[in-house]
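Chemist: Marked as signal peptide by TrEMBL: 1-28. Positions annotated as domain 'Plant heme peroxidase family profile' by TrEMBL: 29-332. If you look up TrEMBL, you'll see 39-122, 72-77, 128-328, 207-239 marked as disulfide bond. The site 'Transition state stabilizer' annotation in TrEMBL covers 66. Sequence annotations record features per position, and here TrEMBL assigns active site, proton acceptor to 70. Summarising the annotation, TrEMBL assigns Ca(2+) 1 binding site to 71, 74, 76, 78, 80, 92. Positions annotated as substrate binding site by TrEMBL: 170. Annotation source TrEMBL lists heme b binding site at 200. Feature annotation from TrEMBL assigns Ca(2+) 2 binding site to 252, 255, 260.
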């Protein structure tokens, strides 16, 4: 009986370890030259489409970047956020946390997929998940950020449910512990989290996401005391009380159309738009990293490319766990 219990214990241990290792085994199959034989020009095809969208509207940059992040943090990087709802299923994109995802992000991926599939050699060979990963790198570079090699080989997921989004995305009100906990659940460190937060260097936010910081922060302070007073007055001017909460303003008040380390310089001056931004400077545990990257652009860029590569490995689908969608907006 003792021997049987020991055997069961060993088997359970092996099972537990295998569960932990499964995501790593999937991401280990990713490689930068994954399409070298099946679709060797995939990167240039995607880049051409992204360039065209970028020329039409700068919104393409934050739209694609945010789409990738929202995709990877819910069910992994599997393009499940792009799938449209059906009469029998409310998809991820229709969860309240995703309703503000700009249409230009979806449009970029769908157009890039069409361009890839118009090449006879590539037709139905490249996943929507990989196209989104490539487009994300391209918009970062187009807006002044670093170029980095993108690991490829993800498959598209079989599931897209709005109910899976709940509690999976960071909120503007998060403190450092909440941010670290959520990112750690995806194998990302505090440094990765601080680097990825620089996505707020480009793009915009709706007034309703931060109005509590400028009007009713607490009974003692109507305005968040960590907020730069002049910046608070500026925000109140752009987002007066009772304004339509969907009115949008730039997240970076100084270089809103450049992906750069100015995000961290803003934090040093109390000009982080969200609580979850400013806390990176007010909390002593993360302040040193903010100071370093505010003064050292190269160090920030290196950390950002490392963090983006790690983000791209989250929840990757391979083998029987995914497929290549013919249409990014619906399941095959």
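Counting begins at 1 with the first residue displayed.
Any Cβ shown, glycine's included, is placed from N, Cα and C.
Please treat TrEMBL annotations as automatic predictions, because they have not gone through curation.
Bear in mind that the values here come from a model prediction, so they are computed numbers and not experimental data.
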Chemist: Measuring Cα to Cα, how far is residue 207 (disulfide bond) from residue 78 (Ca(2+) 1 binding site) in Å?
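Modeler: Taking the Cα atoms only, residue 207 (disulfide bond) lies 30 Å from residue 78 (Ca(2+) 1 binding site).
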Chemist: Name the residue among the disulfide-bonded residues 128, 328 whose Cβ has the smallest number of other Cβ atoms within 10 Å.
Modeler: 328
Chemist: Can you list, in sequence order, the residues of the same chain other than 252, 255, 260 whose CB lies within 8 Å of the CB centroid of the Ca(2+) 2 site?
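Modeler: Here the nearby residues are 201, 202, 254, 256, 257, 258, 259, 261, 262, 263, 266.
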Chemist: Quick one: pull the CA-CA distance for residue 78 (Ca(2+) 1 binding site) versus residue 255 (Ca(2+) 2 binding site), whole Å only.
Modeler: 32
Chemist: For residue 72 (disulfide bond), which of these recorded positions sit within 10 Å, Cα to Cα: 80, 92, 122, 239, 252, 260?
Modeler: 80
Chemist: Do me a favour and check the Cα-Cα span between residue 122 (disulfide bond) and residue 128 (disulfide bond); whole Å is fine.
Modeler: 13
Chemist: Taking Cα atoms as reference points, which of the recorded positions 66, 200, 252, 255, 260 is nearest to residue 76 (Ca(2+) 1 binding site)?
Modeler: 66
Chemist: Judged by the number of other CB atoms within 10 angstroms, which among 80, 255 is the least packed of the binding-site residues?
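Modeler: Fewest other Cβ atoms within 10 Å, among the binding-site residues 80, 255, is found for 255.
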Chemist: When you put residue 71 (Ca(2+) 1 binding site) at the centre and draw a 10 Å sphere around its Cα, which of the disulfide-bonded residues 39, 77, 128 have their Cα inside it?
Modeler: 77
Chemist: Sort the recorded positions 92, 200, 239, 252, 328 by C-alpha distance from residue 66 (site 'Transition state stabilizer') and give me just the closest.
Modeler: 200
